[in-house]
Amino acid sequence: MLNPKVAYMVWMTCLGLTLPSQAQSNDYRPSYHFTPDQYWMNEPNGLIKIGSTWHLFFQHNPTANVWGNICWGHATSTDLMHWAHKPTAIADENGVEAFTGTAYYDPNNTSGLGDSANPPYLAWFTGYTTSSQTQDQRLAFSVDNGATWTKFQGNPIISTSQEAPHDITGGLESRDPKVFFHRQSGNWIMVLAHGGQDKLSFWTSADTINWTWQSDLKSTSINGLSSDITGWEVPDMFELPVEGTEETTWVVMMTPAEGSPAGGNGVLAITGSFDGKSFTADPVDASTMWLDNGRDFDGALSWVNVPASDGRRIIAAVMNSYGSNPPTTTWKGMLSFPRTLSLKKVGTQQHFVQQPITELDTISTSLQILANQTITPGQTLLSSIRGTALDVRVAFYPDAGSVLSLAVRKGASEQTVIKYTQSDATLSVDRTESGDISYDPAAGGVHTAKLEEDGTGLVSIRVLVDTCSVEVFGGQGEAVISDLIFPSDSSDGLALEVTGGNAVLQSVDVRSVSLE
């Protein structure tokens, strides 16, 4: 038997790939975030729970580490953390790639693609014809609980000629179907994104196959939305309870290509009303509509078919907005850690709030706990802790004018610094010394989000650290910053410090995270 390390080097050489540097021994693969077993991944697709199994589909190139040959990759999990890689679910074939889409259960077999004893699961996706670069909408179905998928023989279900009256490019920019059953109207609803036209279109169907255009949601019809927010993609749509009330509201979530707080792609969400044909947006607040202020939260979608007994709206996105530039050689693209999304009033404003799913607690072990301790300028806490996969929680009362800093993945010349600046109520992530930032002009820098103290003056920060990422949740989850980082293996330290005044640490809990 060939030595595994030698076999790996031979395999890499045969593929023409560069070996990871000695400073990074495992190609930056994360410890507890999902990555494809190899090659390219971008945004998640068709997120659905079937029985006790969570299904993750994702945009995947199964043959190379760059975008292209796009199909639906597939993985399953019973806890959203331990993932089993599965064969390709929806392949690219006959010159048609399988772009982004969504999945849904058809319990009454309205599609006719199953039967009453075994209703089908349906997946809608954009078919991208490489020769013409046109995009149409297609359907696949599963009658074995999502294990395998068959393309509908009558594809496309919305052709480019049908799209053309509602798409000024004639079908070059109609993609990413979000489909769900609208109980109130008794119809199936499809939401399509129209890229550079900065609009969504809404379609209805009685049978999931034959579709009729109903309306457009344009940027000009959303009061308060900046004209700089362009290139709409990857829509999601769902009802969300407003915590503390008996009300629900409709939410549209999407990913503009430009205009996000950190530059480039970002995910925003807007509330409004939906009558089964058209969505009327509430006026937006630029300070609360972005779900993430970091650079690396792109193409978010939510899991559907989650039992009411669970009740959570769980979302995830791809953490990569640099194309094929990141310095990984055997894989590209990783899934953000799944997070819950809810809507509640924080202070005087209504916010979307997000938190890592509670399942994370089952794979974490406490390394150090501090309580009711004052940290003063010149002190450094947590410096004895080492780790590259951590869940760090800090709750503190900052003095006026103080700055609390938590350095993670800290080494001799590398660190990623999470700061809270009391004077302007700002949470920030500083990647300027985070490791390798040479791969892309946008790879370094400082990303910020507003985070007010609560009514008692308390500030809460939670940081998920993994091999090549940080995800920072401030307050109740109203301020979130997600970023990729690429430090050396040896940069595994922590440091908690304060300048400009003291901070009273109500609690500090540092946990190691492991899937093993």
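Keep in mind that glycine also has a Cβ here, set from the backbone N, Cα and C atoms.
Feature annotations, reproduced from Swiss-Prot:
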- 1-23: signal peptide (SIGNAL)
- M41, N42, E43, N61, D176, N320: substrate binding site (BINDING)
- E43: active site (ACT_SITE)
- N108: N-linked glycosylation site (CARBOHYD)
- N109: N-linked glycosylation site (CARBOHYD)
- N210: N-linked glycosylation site (CARBOHYD)
- N372: N-linked glycosylation site (CARBOHYD)
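Taking the features listed in Swiss-Prot, we show where each one sits on the structure.
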residue	record	DSSP (3 states)
M41	substrate binding site	strand
N61	substrate binding site	strand
N108	N-linked glycosylation site	coil
D176	substrate binding site	strand
N210	N-linked glycosylation site	coil
N320	substrate binding site	coil
N372	N-linked glycosylation site	strand
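For the substrate site listed in the record, the two most distant Cα atoms among M41, N42, E43, N61, D176, N320 lie 18 Å apart.
When the binding-site residues E43, D176 are compared by the number of other CB atoms within 10 angstroms of each CB, E43 has the fewest. Of all the recorded positions given, namely N42, N61, N108, the one with the smallest number of surrounding CB atoms inside 10 A is N108.
Under a cutoff of 8 A between CB atoms, and with a sequence separation of 6+ in the same chain, the neighbours of N210 (N-linked glycosylation site) are I157. Ranking the glycosylation sites N108, N109, N372 by the distance of their Cα atoms from the Cα of N61 (substrate binding site) places N109 first. N108 (N-linked glycosylation site) sits 25 Å from D176 (substrate binding site), taking the C-alpha atoms as the reference points. When Cβ atoms from all protein chains are considered, those within 10 Å of M41 (substrate binding site) total 25, not counting its own. Each of the glycosylation sites N109, N372 was assessed for Cβ neighbours inside 10 Å, and the highest tally belongs to N109.
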